[in-house]
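Student: Quick one: this structure, given as structure tokens, is what I'll be asking you about.
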Amino acid sequence: MADMTDAPFCRTVKSLASPIIFREMVSSEAIIRGNQKTLNMTKIHKDEHLLIQQIFGKDPDTMAKAAKIIEEQFYPDGIDINMGCPVYKMISNFNGAALMKDPGLACRIVQKVKSTIAIPVSVKIRAGWSDPNECIEFVKSLESAGADLISIHGRTKVQAYSGKANWQVIAQAKKQVSIPVLANGDIFSADLALQALDQTKCDGVLIGRGALGNPWIFSQIEDTLCQKSLRPVSIQERVYIIKQHLNFHIQQYGPKSVIRFRKHLCWYLKGLPNIKNLRMKMVQVLTVEEVETILDELRSSFSTSSNNV
Ligand SMILES: Cc1cc2nc3c(=O)[nH]c(=O)nc-3n(C[C@H](O)[C@H](O)[C@H](O)COP(=O)(O)O)c2cc1C
């Protein structure tokens, strides 16, 4: 997820469980121009594997060159192609979900990337541009073009994030292909992950927003799949993981980057009861020490009161 699933976030997730991670998308054009900021976004810490780097773009040659550069410089375990992003800045350039309107071009991108790199190539799509049934034919074309895996967000581009993800249409698309398919959309708990697997018969689930402030969701899914009972996350563990995430963040971006970490703090605190004051302080933090003081306050307020997480 753009601006969220960077290396510090992925390392945090991997410290708790072992899902395959899809890193936030990067521009293929920026990669081949040698844009340092974009190249830095594709650096991988050894603890993040298995990790797939997502790229976006509309030109098959540029996409293939970018995939090759990333493969040779940063050693991801796969390259994912974004054909699902509905944001205007993307689709107005015929990137992201716009590619679903031109299956021929979408397939040429997959073919070119696949024939240029040695690692697997996956594709992230939506149910369709405006009709949720579009993905049913589209996945067949992508498979023929050489895609090794497809993730489907069960909403159309037109829906953006409105309504509910359509898991039934994902189930139909899954039946059309023999490559693995991941179901995506509205999976916010281990229970919902199991329901999605059951309803779509997919090979796995892809979790987006459900992981924000909640990196425990992956171990909870793993435990549920192994029929282990769910263990609630204690406030001590929550604070420990937030501090660890912050530490990875500072290692990567430097001490002045605490402001950029505020968005993660908001997600981590979401839903905790009676913490209005602490939340107000959290959105203004400037230093690591300030964050740590507030987190210690949070921990003691939960240990001394009847607040349960
Ligand atoms: C802030 C944000 C950033 C996102 N960035 C990406 C991205 O870089 N690549 C991508 O394939 N999807 C991206 N998505 C879409 C998610 O991967 C996912 O398909 C969508 O949120 C639905 O799944 P969910 O209900 O599990 O969140 C993003 C979503 C959000 C909310």
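Using N, Cα and C of the backbone, Cβ positions are placed for all residues, glycine too.
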Student: According to TrEMBL, Lys124, His153, Gly208, Arg209 bind FMN; which one of Gln53, Gln54, Gln284 is annotated to that same site?
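Tutor: Site partner of Lys124, His153, Gly208, Arg209 for FMN, according to TrEMBL: Gln54.
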Student: Helix, strand or coil at Cys85 (active site, proton donor), per DSSP?
Tutor: coil
Student: Using Cα-Cα distances with a 10 Å cut-off, which of the binding-site residues Gln54, Lys124, Gly208, Arg209 are near Cys85 (active site, proton donor)?
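Tutor: Checking Cα-Cα distances against Cys85 (active site, proton donor), the binding-site residues within 10 Å turn out to be Lys124.
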Student: Could you tell me which of these binding-site residues, His153, Arg209, has the fewest other Cβ atoms within 10 Å of its Cβ?
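Tutor: Output over binding-site residues His153, Arg209: least Cβ neighbours within 10 Å is Arg209.
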Student: In terms of DSSP three-state secondary structure, what is the assignment for Lys124 (FMN binding site)?
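Tutor: Looking at the DSSP assignment, Lys124 (FMN binding site) belongs to a strand.
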